[in-house]
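Participant: Handing you a structure now.
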């Protein structure tokens, strides 16, 4: 345990920052501007989604999952951004604003929840498209209701994991420079176990998305380029895969550096945290940088949908419409071709 004043909660540990540094970087405007950019991007995507015609079948299911992803990103930026901006306004003095650590525990759980949800939803979307493209007749028809049930399951799963430190497995602590709370990169078994659970679950989600999307794209390409093919994928099939691949690339670039850093830090032989709870200065700064990179995932996700819609793709590539007409992959002749040698 860390040595703290008895009047303070258990989330406080020594942080490598002086009062002068704290005052120099304690500007709420950067945090507020960053949050406003993300909120505006997600609101724009939600408005575009609201005006989309989902129809029925795979597209309605995909749009429901995508709406769940954008809504999650919006709420994540709203909740965590408000806390970060308030702490910057308080000159990063978390002890003065939250001595009992209630806000810190709330933000730590929110960081885990809103961090894992996009990765899990990305994997769920990849699985939905994988089954829809490669095995369209092996499952019940995709519906938006089933998709929203999947979103609900992801929320419950991520929320349950985020509550574990409040139940005794792992700890949330104030992180450098004092504007946010996150899981503790300590050497205690609970900290290591919880950190590994978070990083491994996120990494597996990204890896699963990569695998399933690769197979789905390869299947679409095989159908499109097959010489004997008389039918082509509909443009909506290609549109959904382009958007899904874009979401996967954004999640990989934004989140994998942080997840790998957490794994390396927790598994290395020499602990990076002293018995008093102080992290190495380089470790604290690296964690902050990787966290900021990961936050861009919530800002870029909505732009993947906004920019990779059919209407935009047609303007960028006029042949997109003429090349990708015809019936869906879900017709029996196409399925026979997909299941062929």
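From the backbone N, Cα and C atoms, a Cβ is placed for every residue, glycine too.
Sharing the feature lines straight out of Swiss-Prot:
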{"type": "DISULFID", "residues": "104-181", "note": "disulfide bond"}
{"type": "CARBOHYD", "residues": "4", "note": "N-linked glycosylation site"}
{"type": "CARBOHYD", "residues": "16", "note": "N-linked glycosylation site"}
{"type": "MOD_RES", "residues": "328", "note": "phosphoserine"}
{"type": "TOPO_DOM", "residues": "1-29", "note": "topological domain 'Extracellular'"}
{"type": "TOPO_DOM", "residues": "53-65", "note": "topological domain 'Cytoplasmic'"}
{"type": "TOPO_DOM", "residues": "87-105", "note": "topological domain 'Extracellular'"}
{"type": "TOPO_DOM", "residues": "128-147", "note": "topological domain 'Cytoplasmic'"}
{"type": "TOPO_DOM", "residues": "171-191", "note": "topological domain 'Extracellular'"}
{"type": "TOPO_DOM", "residues": "218-244", "note": "topological domain 'Cytoplasmic'"}
{"type": "TOPO_DOM", "residues": "269-287", "note": "topological domain 'Extracellular'"}
{"type": "TOPO_DOM", "residues": "310-341", "note": "topological domain 'Cytoplasmic'"}
{"type": "TRANSMEM", "residues": "30-52", "note": "transmembrane segment"}
{"type": "TRANSMEM", "residues": "66-86", "note": "transmembrane segment"}
{"type": "TRANSMEM", "residues": "106-127", "note": "transmembrane segment"}
{"type": "TRANSMEM", "residues": "148-170", "note": "transmembrane segment"}
{"type": "TRANSMEM", "residues": "192-217", "note": "transmembrane segment"}
{"type": "TRANSMEM", "residues": "245-268", "note": "transmembrane segment"}
{"type": "TRANSMEM", "residues": "288-309", "note": "transmembrane segment"}
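Provide an account of the burial state, proximal residues and distances for the features listed.
Facilitator: DSSP assigns residue 104 (disulfide bond) to a helical segment in the three-state reduction. All protein chains shown were included, and the count of other CB atoms within 10 Å of the CB of residue 104 (disulfide bond) stands at 26.
In the three-state DSSP scheme, residue 16 (N-linked glycosylation site) falls into the coil class. Cβ-based neighbour count (10 Å, all protein chains) for residue 16 (N-linked glycosylation site) stands at 15.
Proximity of distant same-chain residues to the topological domain 'Extracellular' (87-105), defined by a Cβ-Cβ separation under 8 Å and at least 6 residues beyond the stretch ends, is recorded for 7-12, 17, 22-23, 25-28, 30-31, 165-166, 172-174, 177-181.
Outside the topological domain 'Extracellular' (171-191) by six or more residues, the chain places 10-13, 15-17, 21-22, 25, 31, 80, 83-84, 87-88, 92-94, 101, 103-105, 107-109, 111-112, 165, 198, 262, 265-266, 271-273, 277, 279, 283-285, 287-288, 291 with a CB less than 8 A from a CB of the stretch.
When DSSP labels each residue, the topological domain 'Extracellular' (269-287) comes out as 7 helix, 2 strand, 10 coil, counted as helix, strand and coil in that order.
Residues 63, 66-67, 70-71, 73-74, 77-78, 81-82, 84-85, 88, 179, 295, 298-299, 301-303, 305-306, 309 of the same chain, all 6+ positions outside the transmembrane segment (30-52), place their C-beta atoms under 8 angstroms from a C-beta of that stretch.
Same-chain residues lying 6 or more positions outside the transmembrane segment (66-86) and placing a CB less than 8 Å from one of its CB atoms are 28, 31-32, 34-35, 38-39, 42-43, 45-46, 49, 97, 103, 106-107, 110-111, 113-115, 117-118, 121-122, 125, 147-148, 150-151, 154-155, 179-180, 243, 247, 297-299, 301-302, 305.
Same-chain neighbours of the transmembrane segment (106-127): 11, 62, 65-66, 68-69, 72-73, 75-76, 79-80, 83, 150-151, 154-155, 157-159, 161-163, 165-166, 172-173, 180-183, 198, 201-202, 205-206, 208-209, 212-213, 216, 244, 247-248, 251, 255, 294, 297-298, 301, counting only residues six or more beyond its ends whose CB sits under 8 Å from a CB of the stretch.
Sequence-distant contacts of the transmembrane segment (148-170) (same chain, at least 6 residues past either end, Cβ-Cβ under 8 Å): 64-65, 68, 72, 105, 108-110, 112-113, 116-117, 120-121, 124, 128, 183-184, 190-191, 193-195, 197-198, 201.
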Participant: In angstrom units, rounded to an integer, how far apart are the Cα atoms of residue 104 (disulfide bond) and residue 16 (N-linked glycosylation site)?
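Facilitator: Residue 104 (disulfide bond) and residue 16 (N-linked glycosylation site) have their Cα atoms 18 Å apart.
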Participant: DSSP says what for the topological domain 'Extracellular' (171-191): how many helix, strand, coil residues?
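Facilitator: Counting residues by DSSP class gives 3 helix, 8 strand, 10 coil.
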Participant: So what's the average pLDDT for the topological domain 'Extracellular' (1-29)?
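Facilitator: Per the prediction, mean pLDDT sits at 71 for the topological domain 'Extracellular' (1-29).
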Participant: So if I exclude everything within five residues of the ends of the transmembrane segment (245-268), which remaining residues of that chain have a CB under 8 angstroms from its CBs? That is, six or more out.
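Facilitator: Hits for the transmembrane segment (245-268): 69, 115, 118-119, 122, 125-126, 183, 185, 191-192, 195-196, 198-200, 202-203, 206, 209-210, 213, 217, 283, 286-287, 290-291, 293-297, 300-301, 304, 308.
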Participant: Between residue 16 (N-linked glycosylation site) and residue 181 (disulfide bond), what C-alpha distance do you get in Å?
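Facilitator: About 15 Å separates the two Cα atoms.
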